[in-house]
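*Asks:* Sharing the record's features from TrEMBL:
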type     : residues  : note
TRANSMEM : A:9-30    : transmembrane segment
DOMAIN   : A:110-314 : domain 'ABC transmembrane type-1'
TRANSMEM : A:114-138 : transmembrane segment
TRANSMEM : A:145-171 : transmembrane segment
TRANSMEM : A:191-211 : transmembrane segment
TRANSMEM : A:248-272 : transmembrane segment
TRANSMEM : A:292-318 : transmembrane segment
Amino acid sequence: MTAYLLRRLLYAVPILIGVNLLTFALFFLVNTPDDMARLHLGVKRVTPEAVQKWKAERGYDKPLLFNAGAAGLAKVSDTIFFRHSLAMFAFRFGASDDGRDIAGEIKTRMWPSLAIALPTFVIGLAVDISVALILLFFRRTYVEWTGVVALVAMMSVSSLFYIIGGQYLFAKVWQLAPISGYQDGFNAARFVWLPILIGVVGGIGAGARWYRTLFLEEAGKDYVRTARAKGLSEARVLFRHILKNGMVPILTGAVAVFPLLFMGSLIMESFFGIPGLGSYTIDAINAQDFAIVRAMVFLGAVLYIAGLILTDVSYTLVDPRVRLR
Amino acid sequence: MRPVFFCLLVFVLSACSGPMNDPYPKSEDGKAILYSAFDEPPKHLDPARSYASNEVVYLAQIYEPPLQYHYFKRPYELIPLTASALPRPVYVDADGRPLGADAPAERIAESVYEIHIRPGIYFQPHAAFAGKRELTAADYVYEVKRLAHPGLHSPIFGLMSDYIVGLRELGTELERAAKTSRGWLDMRRYPLAGAQVVDRYTYRIRVKGKYPQFVYWLAMAFFAPMPWEVDAWASRPEAVADNRTLDTWPVGTGPYMMTEHRYNRRIRLARNPNFRGEAYPDAGAAGDAAAGLLADAGKTMPFIDEAVYTKESESIPYWNKFLQGWYDSSGIGSDNFDQAVRVGAGGESELTPAMRAKGIALKTSVATTSFYTGFNMLDPVVGGLDERHRKLRQALAIAVDIEEYIAIFANGRGIPAQGPLPPGLFGYRDGAAGINPVVYDWVAGKPRRKPIAEARRLLAEAGYPDGRDAATGKPLVLNLDTMARGPDDKARLDWLRKQFRKLDIELVVRGTDYNRFQDKMREGTEQIFEWGWNADYPDPENFLFLLYGPNRKVGAGGENATNYVNPEFDRLFVQMKDMDNGPARQAVIDRMVAMLRQDSPWLFGFHPKDYVLHHAWLKNVKPNQMANNGLKYRRIDVAARATARKAWNRPHWAGPVLAVLVLAVALVPAWLAYRKRQEARAR
């Protein structure tokens, strides 16, 4: 397994370089360093000299990818891409374009993101599985038919609707939660329960439907028929046999997204005023802060790759037939 | 399980002890704290760098330049803040000999401003100070020098280099010094001829030529005091690593000091314990006393203990929190306009009954801002000062119905512009004398837009009868370069196309992003564009310079976005900018404005009206377009706020309980059916 993991880690290097290159190209396709400077310096009374100085101080006065005027290795190394992107591989994110330490911001902001994303994920998983099992439990009753219709309807609704609707109902009409805001420590509970609830409810449609499909597949297998033939109750068949076997794809799927929880939710954090990494990314895109955008995209790519590797590892843990070589 | 249990306990306890939707900590209950919000974090809080309206909100409460605007009087009036009196410039000729106050501008080589600050003013407590640190003249001189600091990129360095003696040379010297030495540049080591300490409480600024508008700059944070100790302290690597630079943590003598700055999350200002106290004004404009704005006259300011500004990215949560009483004041977005305001039969705005029932008050003021549609004067079709092109622009000025635009797209919040100057500035004329005769007639005591037939006549005279080029017969197609590309802009752009179509002119909208748009403007490749200007200071020069030839954007990189160059206008501008306010200056301004109306390089748009809502418990609110240090005047009736919040935010449990019951009841038949199936025997 060690060799396999090492190989996967080595594969990750060209993937990350590619991601970096793609982010770089996409960003600078729409933003020139001059544009970034002007956005940071403001629109009133900005002189071309000030723009030039701003670029020089941050290394944005270099060529983008290839420095024809330089000699030797400097042709490649004395470029914006090399100077700004390679340090990422050592997880040195540097400073944002307005001079703030990005690593420090990430460390501070990942906790509010996790305060929402982790409970949403765990509770959401439990609720989705429960709903899927309930639908199976009440198979061929009106509960299943209306439930499936409701799930399809729920997954068709935009997440923005859940957020605005949830805020309207729980925070504005019923006044049970602050509409937006955040406080540190245990006080965070007052602010995060509503986004968590909305996140869980908003995810039921797609999640429960997917798990129902998995469980239905299991329900048709021989061992289930045998269990029923033995006279076991439907509840026992579901929760002792189908659930246990259906958990393999669920757990491996969950492991894949687990690392990405650090990245937070872009829209949810923005609407609820949660100072997490999602809102950090959105604000950086709006402010054309390349340093933050590339750091967040790189971090997202690293976490995604980590998630995929963990998925492979988790397969070996839950299914003894799988071996990594 | 314990942390989860503890969280639940805190949650339940907090729910029982007050409104469940209270977004603030219990420790803040009953305190005189003003709650506000921001949607974009301040980029710069260094007084030498900051130039944005969302930054001055904080800076103006902390830093004290020598002058300020009277908070209540109109027209805007400068009064001393830390200075003992308004400085009067002493004019000298090229040989340094003093000249009289009425000396002709061309003889004046320098204007010398000697500013005396009052003793006994202290900076806020700060780690950089050994004890209480008194404000001295040297602190002001230090900040003037910082405008030339190469690492700060002060936006007014270029402008001030043209005026303050030796500032440009200081910039060059500091640039050299910055290359050889790393870290803090001690400005005390670099003399500046144009800013010198006279004695402990007096300093002198030497300005090249005559520049009467300079006093307005003395009311801005660019000219606030900066103690060298704080500059040195904030330049240490530890302070930089800890985000405690001057660009993030301002340090001043004002009524408030920053006690919390969580970037892009929350900013907290608290009373400066070293603040000397300032008396609330005892005079104001007509009607201020009747409105209760002078009830606190003579009392010592500030009244509020803290101000908390929280990030709100979205307008919906902000608005709803304002209605629940969690924010003390709010603007009105177009989404909420109908909920908050209704327009009366006479066009006056009044609050809806729902707002009045909550005791919410509405304050309006015309902004010192001009929005306009510009014609690129370098463009071969719409540019040029000859009769043909002028008439084309005049025809378009008549055709585009700004009154309709304001009614449809600004909820009536604005007044049609008759020229470049907004109301409240010297030079602005009201009534019949102030209308744009190219576009309006004065009928029955108010301006009336000329009929479209007049525009068609002008268009025909311009060589485009019925919107077709008389020479080629081809239809006239014009291009609008705009950044407005979103779905919300579609209706507005369609409306604009419709206005052009009145003259059978096709308007092509060339949507572009911000960066490309700026490129087009710099290169002069745009044809028609939308633009605006917000006043830096209440002087007509600050608007008329937008059309001064040497300030053109193409080639000179200035703020004259239309690239309008009219030698006569330029000559009058040079004359006007150095004149003192009076009939002679008014006459020159009248000529300049008349010239602009005839040439029509701008299709004059409108001056927006600011609408601000505030709760009844927030006192002493009067919109002021120039003064930004309004926090010290505000007072909060804390008891009234607490009572209202409690009454408005009672939790309603019936809804969620009903929802759970409905869900449970819906499952009962299914459960019974399941039981029946389980208990059924095989047949």
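Backbone N, Cα and C atoms are what each Cβ position is placed from, and that goes for glycine too.
These figures come from a predicted structure and were not determined experimentally.
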*Asks:* Counting only residues 6 or more past its boundaries, what in the same chain has a CB within less than 8 Å of a CB in the transmembrane segment (A:191-211)?
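*Replies:* Here the qualifying positions are 115-116, 119-120, 123-125, 127-129, 131-132, 135, 148, 150-157, 159, 162-163, 166-167, 170-171, 176-178, 180-183, 246, 250, 265, 268, 272, 274.
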*Asks:* What stretch, picked from A:9-30, A:114-138, A:145-171, A:292-318, has the most CB pairs under 8 A with the transmembrane segment (A:248-272)?
*Replies:* A:292-318
*Asks:* Report the listed stretch (A:9-30, A:114-138, A:292-318) having the maximum count of Cβ pairs within less than 8 Å of the transmembrane segment (A:145-171).
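*Replies:* Ranking A:9-30, A:114-138, A:292-318 by Cβ pairs under 8 Å to the transmembrane segment (A:145-171) puts A:114-138 first.
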*Asks:* By Cβ distance under 8 Å, which residues at least 6 away from the ends of the transmembrane segment (A:292-318) in the same chain are close to it?
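*Replies:* For the transmembrane segment (A:292-318), the list is 1, 4-5, 8-9, 12, 15-16, 19-20, 23-24, 27, 84-85, 88, 93-94, 96-97, 102, 105-106, 247-248, 251-253, 255-260, 262-263, 277, 280-281, 284-285, 324.
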